[in-house]
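Taken from TrEMBL, the feature domain 'Tetrahydrofolate dehydrogenase/cyclohydrolase catalytic' applies to A:6-121. The domain 'Tetrahydrofolate dehydrogenase/cyclohydrolase NAD(P)-binding' annotation in TrEMBL covers A:140-277. The feature NADP(+) binding site is assigned by TrEMBL to A:Gly166, A:Arg167, A:Ser168.
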2 protein chains.
Amino acid sequence: MTAQILDGRAVSAAILERVQREVAEFVGSHGRVPVLATVLVGDDPASHTYVRMKASRCAKVGMRSQRIELDETISTETLVNKIRELSDDPEVDGILLQHPVPGHIDERAAFEAIAPSKDVDGVTRTSFATMAFDEGGFRSATPGGIMALLDAYDVPLSGKHAVVVGRSPILGKPVGMLLLTRDATVTYCHSRTVGLADLVAQADVLVAAVGRPELIRGEWIKPGAVVVDAGYAGNKGDVEYAAAAERASLITPVPGGVGPMTIATLLAQTIKAAREHESAGHLGT
Amino acid sequence: MTAQILDGRAVSAAILERVQREVAEFVGSHGRVPVLATVLVGDDPASHTYVRMKASRCAKVGMRSQRIELDETISTETLVNKIRELSDDPEVDGILLQHPVPGHIDERAAFEAIAPSKDVDGVTRTSFATMAFDEGGFRSATPGGIMALLDAYDVPLSGKHAVVVGRSPILGKPVGMLLLTRDATVTYCHSRTVGLADLVAQADVLVAAVGRPELIRGEWIKPGAVVVDAGYAGNKGDVEYAAAAERASLITPVPGGVGPMTIATLLAQTIKAAREHESAGHLGT
């Protein structure tokens, strides 16, 4: 294997250390602990695990998580109202709605109930547009984590061809927009793409984000490419790892690549939200 | 020349006839005329011409345009307040802020003062995200017009490689997102792109949207490609027309291609907004 590892565990640990220091400063200045509200609907075991991990990381960096667990059968309206309450609650700095919600719920309506100033997971329409237009604001957590990981390794993006495989609203679409703001030429591929292998072979930077194990064959990878694998299903990524690592210059392991960066981004954005709430005087105290 | 013309004049005329019928029905049902407010800042002659053309087309289809002309020197705050007034005015159905505004004004702040329900020119963050997420809502006028023109000629998009040259917030970025929702594989190219000729040569559908006359050489065009030229500067498009028309299967003339589709989309969205205001009971009459 020739590729160097894009070590999401190490980079995220460094980010979380910085967040921990920032939280301590925040508590010293403002006399309160930043709060991330996590909203979980239903009993999906994987979702429960994710929310537990996020709560545990919150505690480690000195923030408080407020866990809201709602029954599988609740209506869109009840969920929207609950999230609006959190949006209006001066004690809440950030809101995370664990994705996916049960099929009968209008997920977009639920996302849009999150106040943009508390959208630390970057799921609202406003956050998507501010990412696309390079206007600051919060990033979708996984795309934001991917950009931070690339930057930690000084991966050049300007003028490079970035190929994104996947086009979901909180992963594929925003990561492509973030790469475009950094002057990459960006190609979006997906399930209807004809000639995927030839397009992947053009990628200087490949972001795989579909959740189909080993869809992307190692032999497709351009020699020297940077490979970011955000897929995770059946304990495997979207990229055939061993063969890809023979050709890539840098590659994320799965797990230990993108995953830890997602949580680090979420928490970094939560302390940012808390500071912005204080400076906007939203808390009125 | 082998290419057939994508005749924006003919297609837009058909759309405007439909809009005219819809306006007549609307007036019959609701006893009032739909109103498009146009906001123009400063003395740019081209912008004045565009606004006059839009007002004249409004009149032709039976809608009223309310023209607001503001001094070159006004502040962002004054402009934002004026647009908010229009957003709150129950007599206004749609709002168009003529682009570009003078350099000292925060154009994004002005765009965001437009209520999403009146954003018939599709410039707000909300409209951008609803285009990207295929959620209905209003389209940026030129991208919406391009899609309507492609559909009028039954151009297949699913699985095709669409290359967009340009990445502005109201043209390049949204048209790429609209093509992606139609299952095209989409590549965004721009001023920092390396190897533009090779990327253009892959396009089954090419959308040129940069405003650099004849940047795209005819010899780059893939034989049989569909070429949409949304550029217009110095009386020329972004594509070297005669040479491109030798290779393309369908091509927009400049002028007479994309331009008329933009106005048609704007007016089609204004009558749509008027109907939605009535059914939402926003007018309270």
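The backbone N, Cα and C atoms fix where each Cβ goes, and this holds for glycine too.
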Of A:Gly166, A:Arg167, A:Ser168, listed here as binding-site residues, which sit with their C-beta under 8 angstroms from a C-beta of chain B?
A:Arg167
Just to be sure I understand, if DSSP states are collapsed into helix, strand and coil, how many residues of the domain 'Tetrahydrofolate dehydrogenase/cyclohydrolase NAD(P)-binding' (A:140-277) fall in each?
57 helix, 24 strand, 57 coil
Looking at Cβ-Cβ distances, which residues of the chain lie under 8 angstroms from A:Gly166 (NADP(+) binding site) while being 6 or more apart from it?
A:Gly172, A:Cys189, A:His190, A:Val207, A:Ala208, A:Ala209, A:Val210, A:Gly211, A:Ala230, A:Gly231, A:Asp238
So if I draw a 10 Å sphere around the Cβ of A:Ser168 (NADP(+) binding site), how many other Cβ atoms end up inside it?
17
Mind looking up the mean pLDDT for the domain 'Tetrahydrofolate dehydrogenase/cyclohydrolase catalytic' (A:6-121) in the predicted model?
97
What is the number of other Cβ atoms found within 10 Å of the Cβ of A:Arg167 (NADP(+) binding site)?
25
Using the Cβ center of A:Gly166, A:Arg167, A:Ser168 as the NADP(+) site position, which other residues in that chain lie within 8 Å, going by their Cβ?
A:Val164, A:Val165, A:Pro169, A:Leu171, A:Gly172, A:Lys173, A:Tyr188, A:His190, A:Ala209, A:Val210
